[in-house]
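What TrEMBL annotates here:
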- A:1-27: region 'Disordered' (REGION)
- A:11-23: compositional bias 'Gly residues' (COMPBIAS)
- A:60-90: transmembrane segment (TRANSMEM)
- A:121-150: transmembrane segment (TRANSMEM)
- A:156-175: transmembrane segment (TRANSMEM)
- A:182-203: transmembrane segment (TRANSMEM)
- A:223-246: transmembrane segment (TRANSMEM)
- A:266-287: transmembrane segment (TRANSMEM)
- A:307-340: transmembrane segment (TRANSMEM)
- A:360-380: transmembrane segment (TRANSMEM)
- A:386-407: transmembrane segment (TRANSMEM)
- A:419-437: transmembrane segment (TRANSMEM)
- A:443-461: transmembrane segment (TRANSMEM)
Amino acid sequence: MTRGRGFTGLVRGGPMTGDGAGGSRVPAMGGDEQDRLSVAGGLAALSLDAMSSVAYGPEAIVIVLAAAGGAALGYTLPVTLVIAGLLAVLTVSYRQVIAAFPQGGGAYGVSKAYLGRRTSLVAGASLIVDYVLNVAVSTAAGVAALTSAFPALHPYTPGLCLAVLGAITAVNLRGIAHSARLLIAPTAVFVLSIAAVIIVGLFRDHPAAVAPAGPQDGTLRTVGAFLLLRAFANGCAALTGVEAIANAVPAFRRPRVGRAQRAEMALGATLGLMLIGVAVLIGRFHIRPVHGVTILSQVTAGSFGHGVGYYVVQFATVLLLALAANTSFGGMPVLARLLARDNNLPHLFALRAERQVHRYGILFLAGTAGLLLAGTAGAMNTLVPLFAIGVFVGFTLSQAGMVRHWWLDRPRGWRPRAALNGLGALLTGIAALVVAATKFAEGGWLIVAALPLIVLLMSRVHRAYGRIGERLELQRTPARPRRRRAVVIVPVEGVDRLTYEALSAAFSLGERVVAVHVAHPDEPGDTMRFVEAWHRWAPDADLVLLNDPHRRLVEPIVDYVSGVGEPHVFVLIPEVEPAHMWQRVLQNQRGAVLAHALRRDTDVVVCRLRFRLRPRHAHDRVEAAPGTVRVPATRARG
Amino acid sequence: MEEVPAGTAQESAQGARGLRGFLRRLTSSKAELEAEELQKTTGEEGATPIRKCAVRRRACVAGTLRTVTLRPRGGAPALEAELYDGSDAISLVWLGRRRIAGIEPGRLVRAEGLVSVQDGRKVMFNPRYELRGGA
């Protein structure tokens, strides 16, 4: 899942400390080496998703096999071994990705570099889907672990899921400082407790405690290849997250590549051992799916009984899963930024400073994950296979990109490496197809439909930006700027200080200034008085008197302005900015209305001059008003 | 002076629809009515509709003064007014005059002179004029 893991962008973009909205999991990334990740720290900080999949991966296998009866459950270990084999291939291939992309790879980066923009969009879409599903799956799995420990809570699963999601969302909206050291403890506790479960379990002949099994599906059906394939496909969800380290190479201490590779290998080994160990125990304890109790919980109970150890494991699982759900909230904004930088998402998402932007991402994530959780009523086993589809699309694309990378560069000994990545691409591609095909009716269609939709949307956005760029003549040197004939139009209502300010500003803007006054034929006296005052003042500007028999607010001016055939037309709208908020009601909002109408109907440059009303003495100190001008600055214009 | 029209195209696209568009259509039909009314007076005055005025021909036009432009004292004296008769508009320019009593916006005027074209607009220099009743 969280392939766009953040560190790439964070490192490139400078220090992230203080960016609270879930943008960084490891702060002070831009700082010195000491703050960067060691092998153990990196493993802890980056393996959350991978480790947490132990909580739902084996279960996904068992649930498929159990449908074929008790005998089929014997195939749990072989299927797990195949998955572990795939994990080994993936781990070694990602080891190569780390070496090839020391700046941080990830499905999007790799496919953009080697497979073209279109394919990278597929990768981007699959990542978005992954982020959403990671939140949903981790939340559902965490709640399942909780309700296994406290069966009384089981009827409230959907509500609990939404509550956990809400809590994670709230924390992320509020903003939290993430730290790798903070994550080491929960991960270590989880891994150690699972290890203890496995070791203790291996020494037991009988499970210490057995969950009350429901009515067993007695009919033994033949275990076909299709069933095994489905079990394999379902179980592939256990592989999610193995790519996270490859994305975060720059976050490691020097030598980054070496440390990241070691961390990746350690992750693969740990995850593989845990998966196999759990599978062995499933076989040993004859565990079958029981409604309301997770497989991992049954395995734990088998080893530890229902003592303190059991609850420690369950709580460690819940905590780890919550943290794993949280990683999406950190990774999503980073991916959105990368996508936006490549013109595939609105540029808004590329703004780093704006916390609001993270907020949109967080709310999007929470909303879609919430919908999924509500739609499935928090049923973990419905969500997990969906998760696998998107993840494997990403795997396949990054592996295929690596093959192309080897093919183009052809360093010494590239053939075996290309073969390895090719094998990875082939296997993950097959897995993706199998999961999508077997789970199509059970919600897989959602992912199969969502992926192309997101790709379409992003290519639409890209094309729109392309057109905009074309019109803006980006990447080209425009002609030298030159002065053109310009006219500055100033709507005036009276001859006063505001008019003085406006015309002064207008003369600074352009040589030709035209004052426009709307005359109402039913009030000839008003117009005459205005014209007389104008002649007394005698500014060096044309005065246009507009006839308006209907007392319309802005239309006469808009009509006049649109008839002016100059290359540059400025309209300078003088407005009074009251000294106090309440005085706003004394002003009419004509300036705003006029500005809006002008923007809508014409292409002129609209300038709004604000005349700030300060106490009179302050005014006089700033600037002495010319004697001939009356200064009714405080007169309410209406 | 702080706002420049960055979103002009978008906003004008929005303006074409919805309630605002409906209102504008209403007002434009009002403008058409007005134009018809004005054209009627053209007929009554026995004048030529401005749209049909040929360039470099003397013509007699009648309509209301839509705008009156007063030039500043420093420049060459000229009084300019735009006459609209419902079919088209023509600029009436009195060179050498700063103000003419009665040449005010909204006034119904009958003018006679040589029609010429400047910058794509019809102009009549120093026309003979008659002020007709109020607006």
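Heads up, the Cβ atoms here are built off N, Cα and C, so glycines get one too.
In TrEMBL, annotation is done automatically, which means it is predicted and not curated.
Counted over residue pairs 6 or more apart, the CB atoms of the transmembrane segment (A:307-340) and the transmembrane segment (A:386-407) come under 8 Å in fewer than three pairs, which marks the two as apart.
Stretch with the most C-beta contacts under 8 angstroms to the transmembrane segment (A:223-246), considering only A:266-287, A:419-437, A:443-461: A:419-437. Through the fold, the transmembrane segment (A:182-203) approaches residues 25, 40-41, 43-45, 47-48, 51-52, 54, 270, 273-274, 277-278, 280-281, 284-285, 299-300, 302-304, 309, 312-313, 316-317, 319-320, 323 of its own chain, all at least 6 residues removed from its boundaries and within a Cβ separation under 8 Å.
Of the candidate ranges A:60-90, A:156-175, A:360-380, A:360-380 contributes the most Cβ pairs within a distance under 8 Å of the transmembrane segment (A:121-150).
Here the transmembrane segment (A:386-407) lies next to the transmembrane segment (A:443-461) in space: the count of CB pairs under 8 Å, restricted to residues six or more apart, reaches at least 3. Only pairs six or more apart in sequence are counted, and the transmembrane segment (A:419-437) with the transmembrane segment (A:266-287) gives fewer than three Cβ pairs under 8 Å, not enough to call it a contact. Long-range Cβ contacts of the transmembrane segment (A:156-175) within its own chain (Cβ-Cβ under 8 Å, at least 6 residues beyond either end) map to 20-22, 135, 139-140, 142-144, 146-147, 322, 325-326, 329, 355, 359, 362-363, 365-366, 369-370, 373-374, 377-379. Touching of the transmembrane segment (A:266-287) and the transmembrane segment (A:60-90) is concluded from the presence of at least three CB pairs under 8 A, sequence neighbours closer than 6 excluded. Here the transmembrane segment (A:360-380) has Cβ contacts under 8 Å with residues 21-22, 56, 59, 131-133, 135-137, 139-141, 143-144, 157-158, 160-162, 165-166, 168-169, 172-173, 294, 328-329, 332-333, 336, 348-349, 443 of the same chain, all six or more residues outside its ends.
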